[in-house]
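What follows is a single structure, written as structure tokens, with notes after it.
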Amino acid sequence: MIENSYPYKSASLEFYSTGYQELLPNCQQLNCQHKCAMVRNSTMCYCEDGFEIKEDGRSCKDQDECAIYGTCSQSCVNTYGSYACSCVEGYIMQPDNRSCKAKNEPTDKPPLLLIANSETIEIFYLNGSKMATLSSVNGNEIHTLDFIYNEDMICWIESRESSNRLKCIQITKTGRLTDEWTISILQSFHNVQQMAIDWLTRNLYFVDHVSDRIFVCDYNGSVCVTLIDLELHNPKAIAVDPIAGTVKEESGKMNLTLQIWIDVDSILKTQEQNDKPALESQNQKTLEFKVKIPEAFQEGKSSMKYVKYVFCFIIFTLHHVYNNVTSRRNKHCSKYIKDITTFRKLFFTDYGNVAKVERCDMDGMNRTRIIDSKTEQPAALALDLVNKWVYWVDLYLDYVEVVDYQGKNRHTIIQGRQVKHLYGITVFEDYLYATDADNFNIIRINRFNGSDIHSLIKMENARAIRIYQKRIQPTVRSHACEVDPYGMPGGCSHICLLSSSYKTRTCRCRTGFNLGSDGRSCKRPKNELFLFYGKGRPGIVRGMDLNTKIADEYMIPIENLVNPRALDFHAETSYIYFADTTSFLIGRQKIDGTERETILKDDLDNVEGIAVDWIGNNLYWTNDGHRKTINVARLEKASQSRKTLLEGEMSHPRGIVVDPVSGWMYWTDWEEDEIDDSVGRIEKAWMDGFNRQIFVTSKMLWPNGLTLDFHTHTLYWCDAYYDHIEKVFLNGTHRKIVYSGKELNHPFGLSHHGNYVFWTDYMNGSIFQLDLITNEVTLLRRERPPLFGLQIYDPRKQQGDNMCRVNNGGCSTLCLAIPGGRVCACADNQLLDENGTNCIFNPGEVLPQICKAGEFRCRNRHCIQARWKCDGDDDCLDGSDEDSLSCYNHSCPDDQFKCKNNRCIPKRWLCDGANDCGSNEDESNQTCSDDDCGDGSDEVGCVHSCFDNQFSCSSGRCIPGHWACDGDNDCGDFSDEINCTREEIHSPAGCNANEFQCHPDGNCIPDVWHCDGEKDCEDGSDEKGCNGTLRLCDHKTKFSCRSTGRCISKAWVCDGDIDCEDQSDEDDCDNFLCGPPKYPCANDTSVCLQPEKLCNGRWDCPDGSDEGDLCDECSLNNGGCSNHCSVVPGRGIVCSCPEGLQLGRDNKTCEIVDYCSNHLKCSQVCEQHKQTVKCSCYEGWKLDVDGQSCSSVDPFEAFIIFSIRHEIRKIDLHKRDYSLLVPGLRNTIALDFHFNQSLLYWTDVVEDRIYRGKLSESGGVSAIEVVVEHGLATPEGLTVDWIAGNIYWIDSNLDQIEVAKLDGSLRTTLIAGAMEHPRAIALDPRFGILFWTDWDANFPRIESASMSGAGRKTIYKDMKTGAWPNGLTVDHFEKRIVWTDARSDAIYSALYDGTSMIEIIRGHEYLSHPFAVSLYGSDVYWTDWRTNTLSKANKWTGQNVSVIQKTSAQPFDLQIYHPSRQPQAPNPCAANDGRGPCSHMCLINHNRSAACACPHLMKLSSNKKTCYEMKKFLLYARRSEIRGVDIDNPYFNFITAFTVPDIDDVTVIDFDASEERLYWTDIKTQTIKRAFINGTGLETVISRELD
């Protein structure tokens, strides 16, 4: 019994004995119905247990204990003065008379916990012990799971190689998992991470959090339909309740009914015996109950009325207890109970624009928000199917709450750090079970007592969780989607979805089919007609019915795009064509989702208009690049047939339409200059580009979309500057504004159909329909902006004929329509032949080859580097670069040395031990003696010194240190081979200790080849004296015969010859690659020929293709090869090159391999002169023994610092020791450090703070303090200026960059505005330059500015390679920026000005979603979210990828802690205690000079050095933001911004100037708050319900 009627009993007794006489008259005056209490000099009435005081303060009324959450575990019946708990079928009442425990049916299948982590699915008992049997399944990035209990089936989603898969497996009674299979889902499944299974229909419900939609598929995945794709901005969790549960909507009378005393003694007595009220027979439909009406309710009321009322309530209760009992409701009950009905519901969470928990029917209809207030990030969901409760987790507010299906009776279960990062939850009996991503715990929470929380299991990366038990998925006798006698679920042709009521269902059809009038059958429409449009954020192309009430789907969405701005279709092939502007490609996909491909991707700059010529099968497009072109290509083989039709004399070509029947094309050209309204225009030309003319130009500035009405010969367009839609006849007459209403904000796409015009609004994400007859505008759809082009897919629009219809008009490539005829055309690199129909490649050079600046043109038209002219080498291969006339008296530049053979070499190559001249004169004693006098007198008594990494010869010459004691006379006087230790001494003949010397030629072979059964020495001396003993073969170069162990060359394996006695060298050769220098026969690829078998006079190929005329082709002019000429069966001539040379583009001429530009040898600094390569190192690094790699000379050993959301850790780069630096964080993202001060900085995007701590020598971080506490929203980027002593950070929500001193003081806004999604930030204070990335979906870019904020510019925007620039760092040695791109999964590098961009690495298995990047020496390091790894690779080539560490959670930022990452330079701000010439803040400018800045609430004076106080500013508020800005410069913030979590939805702001406070109202939190203008003193003034 719940006792809350009188909480002051003990106190009243004490007072009663002392003050009774004084207060007794007061009690008598109250006239209490039950009793009067005297407490603390006052009196009050109270009631007995089970009752509570009425509003009059004296009367008692029954207390409704059932209205209190947790009174009963399941069913609760309120009685007069008490209540009774009961359990539904399948559960047993516990001794506490409130809790229900599930029956263990069957007894050999106890309830289990199914838990998925990133790699496995584990099965546990509810006490946390793991099942003894095999109970796990291996996967890859498992996101979610669900099951169908009656079918013993578990299903899950996992990610593999950038695609998701749905897999299922059988679970036996013993918990063993067997018979795994994959369900193929036809729709795009890449971004699906949450699902729920309807166990009655076996339908699968999915959430796509990127394309923002919820869709459902049938059991085998063959039919999928979209349920919800509007007003979803970040959908997360999903849960279903398909059973027939009861939900009551109570009228005002029901509240009275709950106060009636029901005589239920007999019911409860029977319940104790049988677990539920007894029925006289299975078919009984009428029940009689005795109802006692208390006297308090009889006055003036009809007792019969209450008897009927209670009877209805009993019927309602029986519905709840007996899920499978059918009882007919009395017709009079409708007066008292508004709705007793069955509900099947789908629930989901979403926290995009509005955080909410929603409910809808399982067919997607009747969508309702049940929670949309006091929640920020609702994530995991769980349902109590018995009580109809919804439990959810809020990741931001750190709570678990519950609400009923109607959105009422909301209650907090638990809140605080214990539940701050829950990933998944599930409900069973009295408990919630949850996975905690923060501390790898599986926890159990008493849902009726949140303080009762226990940890059950420790499991890393635990994600989805489910209880596997029979009662979790109750069954019903029948449902509306059961399979009919014809095998169709619910009689539906394709898919059957349960609806809202008990016996209703909804049939839906797969994409491309329409639902018949019978509501069951699916048919292909005779004429497909639908609207499709492109949108961004995320980039997707969607289709919709022109009648918004029809749910038929006509096309599978085209997903994983960025900005699909231009669209068109080809009805004959069912293709949708799209131009993804930001990805620089044109692609296509059929409306059924198949045959997705990119047809054009090169030389596409900014394509915003495409048009399909459906007769000539061509594609036209506009290209708003530097050339401004109109182009055309064939729909098939577009890249080989593209042709530029028009170029230049356009500002911004945008939309384009074609009229192939008439032979004309039309395009818009907009101008950004708003001064002249006649510069925007529409042009037209024949479809071959000729007869170009301006069609419309006056009163036009930003013409966007174009569309043609072929029936009335009318052209429509929309102007985004004037915000109207116009039309004109194709003969140029009757120009008219069609519509200019308020709905036109920024019209973008336009399409015509019948009597309607449709358009998209770019800014507000809307699609409108205009009735051209009534001028009525209808809003068809609203989405998250931006929206781009749209088209009406109607095959009837693509009719008509022209001369290109049959046989492509006789043209071999392009058939282009013109008025009254056609013109054949060719690709840009082709010409029409004499007959004017066929295309041929130019037989000669179209343009003479012109050598670049700094190159010399040879007589044979080859180009060589100019410095190679007259250097003694025949680089042209025709001698023209060494012509005696031009090379007479040839001289070298001042910084070069002239060899006797005319060769010029850098002077720094002199006396370095390498023979660079070829005649050794650059290393001669005469050259290296520095005898400037000529008689040696200037060198007498001088001491010559070499570098630390060099060896000093007796002659004073310096050679590389690793050349000493290598057996070679490098000094020329053998001084480098004297006094060598035994380990360094090589064999007398010059072979190393691990080599064998052949006799008598003295050649050296690896010692492992000695006695391996194969003669490697010419004389076979390596196999003599072996006494029959064979060594193991050298696995790198040799193959071991299976039976004898004899070693043969690997080149002999699978060459067609039997070299092993047991033929084992020719076994398993099916997959053996036959490549150079071996080639297959022309008609028999199973025979692979060694080069010596070609043209040897014998037929080694069965078809003789290795002999004959083929062998004479190299004898004529060497086959055209500059060096080696070979013949290949079936192919003819193949040219090859010696080592150090490679084939050029003509595949005939050999060119010198550019080792330096291609970074093929040196790890750091590389110099090359022809084939000679010199490696050196950066300052502070030394060359390693291999002559190519470099090592730091600094004794400090570098280590990695990285964050994994809740921790900061470090890894020693040499020992790979792994340790914890900072534990217990909320969500740390960005990191940086100040090496000289041993300071570590990091940001926390949950607490919205910036911290720092001291790195101690013991390996930890001490003295942790908050540096920046206020005015942060999402600080994703952080960087430290180690020279001037400042920190910079970037905020992706506030769209600004701020700067402060290292301690957080003197904070000011550096750059704000014109940012969309800034992410990472980096700087180089040696040059005063700052860089940052911006994910802007319309314009992804990398920008730079000086560290004082001046000179802002975009340095890289050519995002053909990717569109999500993520992590960013600086290569100080090379003056380059390096960034990761999370869309193309690649790492790129470019110079500080954005030029010379290179792709370092792309598409590696450990580079599947890179986040942060850093550098050290010659390696690039990065973190990857998908694989949870820290990896490194060569910073130039991306080669030698290795995993440094695999982490337990997603890694975020990383830094290499080493002094080389913060090179020193003069500090222009060093004077005046770091303030330089400034009164307050000193920043480094571009030219390494000092620039002054002022903190918030101050302004820089005219001398540009002194700050003065300024508290006059413009104050404004947006939904979740308050800013104060400079009135003259609104992008300069005068105060620290106020934002979430302090602000949710601000509506009104004001200020108190005397106290320097701001006041504002927040309608979401129902509060009035205030704070000082410096960001401190935030407090709530009023907190109550506000209207």
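The backbone N, Cα and C atoms fix where each Cβ goes, and this holds for glycine too.
With helix defined as DSSP H, G or I and strand as E or B, the domain 'EGF-like' (85-100) counts 0 helix, 6 strand, 10 coil. Annotation comment: TrEMBL describes 85-100 as domain 'EGF-like'.
Residues 148, 151, 155, 166, 183-196, 323, 342-354, 360, 362-364, 367, 378-383, 385, 388, 390, 392, 474-476, 479, 489, 494-498, 502, 508-511, 538, 540, 542, 551, 553, 557, 559, 781-784 of the same chain sit 6 or more residues outside the repeat 'LDL-receptor class B' (202-244) yet have a Cβ under 8 Å from a Cβ within it. Sequence annotations record features per position, and here TrEMBL assigns repeat 'LDL-receptor class B' to 202-244 (among others).
Listed by sequence, the residues of this chain that lie at least six past the ends of the repeat 'LDL-receptor class B' (344-387) yet keep a Cβ under 8 A from its Cβ atoms are 74-75, 88, 91, 196, 198, 205, 207, 212, 214, 227-228, 232-245, 393-397, 401, 403-407, 410, 422-427, 432, 434, 472, 474, 497-500, 505-506, 508, 551, 784, 1540-1541, 1564-1565. As annotated by TrEMBL, repeat 'LDL-receptor class B' applies to 344-387 (among others).
The repeat 'LDL-receptor class B' annotation in TrEMBL covers 388-431 (among others). Proximity of distant same-chain residues to the repeat 'LDL-receptor class B' (388-431), defined by a Cβ-Cβ separation under 8 Å and at least 6 residues beyond the stretch ends, is recorded for 67, 69, 73, 99-102, 111, 126, 144, 237, 239, 241, 245-247, 249, 343, 345, 347, 349, 357, 359, 368-371, 374-382, 437-438, 443-448, 450-451, 453, 462-467, 469, 472, 1206, 1226, 1246, 1541.
Same-chain residues lying 6+ beyond the ends of the repeat 'LDL-receptor class B' (574-616) with a Cβ under 8 Å from its Cβ atoms: 186-188, 511-512, 528, 532, 534, 539, 541, 543, 554-556, 558, 561-568, 622-627, 632-633, 635, 638-639, 642, 653-658, 660-661, 665, 667-668, 687, 706, 793, 798, 800-802, 804-805, 808-809, 814-817, 822, 1337-1340, 1359-1360, 1363. Per TrEMBL, the feature repeat 'LDL-receptor class B' maps to 574-616 (among others).
Secondary structure of the repeat 'LDL-receptor class B' (617-662) per DSSP (helix as H, G, I; strand as E, B; remaining residues coil): 4 helix, 24 strand, 18 coil. The repeat 'LDL-receptor class B' annotation in TrEMBL covers 617-662 (among others).
The repeat 'LDL-receptor class B' annotation in TrEMBL covers 663-712 (among others).
Residues in the repeat 'LDL-receptor class B' (713-756) partition by DSSP class (helix H, G, I; strand E, B; coil) as 0 helix, 24 strand, 20 coil. Annotation source TrEMBL lists repeat 'LDL-receptor class B' at 713-756 (among others).
What TrEMBL lists as disulfide bond is C851-C863 (among others). With a 10 A radius on its CB, C863 (disulfide bond) counts 16 other CB atoms from all the protein chains.
Annotation source TrEMBL lists disulfide bond at C858-C876 (among others).
Sequence-distant neighbours of C892 (disulfide bond) (same chain, six or more apart, CB under 8 Å from its CB) are K898, C904, listed in sequence order. According to TrEMBL, the feature disulfide bond maps to C892-C904 (among others).
Annotation comment: TrEMBL describes C899-C917 (among others) as disulfide bond.
Residues or ranges marked as disulfide bond by TrEMBL: C946-C958 (among others).
For C953-C971 (among others), the entry in TrEMBL reads disulfide bond.
Annotation comment: TrEMBL describes C965-C980 (among others) as disulfide bond. A sphere of 10 angstroms centred on the C-beta of C965 (disulfide bond) encloses 18 other C-beta atoms.
Within the same chain, residues at least 6 positions away in sequence whose Cβ sits under 8 Å from that of C1026 (disulfide bond) are H1010, C1011. Annotated disulfide bond per TrEMBL: C1011-C1026 (among others), in sequence order.
Residue counts for the repeat 'LDL-receptor class B' (1375-1419) by DSSP state, with H, G and I taken as helix and E and B as strand, are 0 helix, 25 strand, 20 coil. In this structure, the CA atom of C876 (disulfide bond) is 35 Å away from the CA atom of C971 (disulfide bond). Rounded to the nearest whole angstrom, the C-alpha distance between C917 (disulfide bond) and C971 (disulfide bond) is 17. Between C946 (disulfide bond) and C863 (disulfide bond), the C-alpha separation comes to 39 Å. In this structure the C-alpha atoms belonging to C971 (disulfide bond) and C980 (disulfide bond) are separated by 14 Å.
Sequence-distant neighbours of the repeat 'LDL-receptor class B' (1375-1419) (same chain, 6+ residues past either end, Cβ-Cβ under 8 Å): 162, 562, 1163-1164, 1181, 1189-1192, 1198, 1200, 1202, 1213, 1320, 1322, 1324, 1327, 1329, 1331, 1333, 1342, 1344, 1354-1356, 1358, 1361-1369, 1425-1427, 1429, 1431-1438, 1441, 1443, 1450-1456, 1458, 1460-1461.
Scored by C-beta pairs under 8 angstroms, the repeat 'LDL-receptor class B' (713-756) has its highest count with 617-662, from the stretches 617-662, 1238-1284, 1556-1587. The closest partner of C958 (disulfide bond) among the disulfide-bonded residues, by CA position, is C965; the full candidate set was C851, C858, C899, C965, C1069. When each of the listed stretches 617-662, 1238-1284, 1556-1587 is scored by C-beta pairs under 8 angstroms to the repeat 'LDL-receptor class B' (1328-1374), 1238-1284 comes out highest. Taking the Cβ of C904 (disulfide bond) as centre and 10 Å as the limit, one finds 22 other Cβ atoms among all the protein chains shown. The Cα atom of C899 (disulfide bond) lies nearest to that of C953, taking the disulfide-bonded residues C953, C980, C1069 as the candidates. Here the disulfide-bonded residues are C946, C958, C1011; the one with the fewest Cβ atoms within 10 Å of its Cβ is C946.
Separation of the C-alpha atoms of C1069 (disulfide bond) and C965 (disulfide bond): 45 Å, rounded to the nearest whole number.
Remote same-chain partners of the repeat 'LDL-receptor class B' (1285-1327), defined as residues 6 or more beyond its termini with a Cβ less than 8 Å from a stretch Cβ, comprise 1230, 1232, 1234, 1237, 1239, 1241, 1243, 1250, 1252, 1266-1269, 1271-1279, 1333-1339, 1345, 1347-1349, 1352, 1365-1370, 1372, 1375, 1377, 1379, 1392, 1412, 1463, 1465, 1469, 1474, 1480-1481, 1483-1484, 1486, 1488, 1493-1496, 1521, 1530-1533, 1536-1537, 1539-1540.
Distance noted between the C-alpha atoms of C851 (disulfide bond) and C965 (disulfide bond) is 47 Å.
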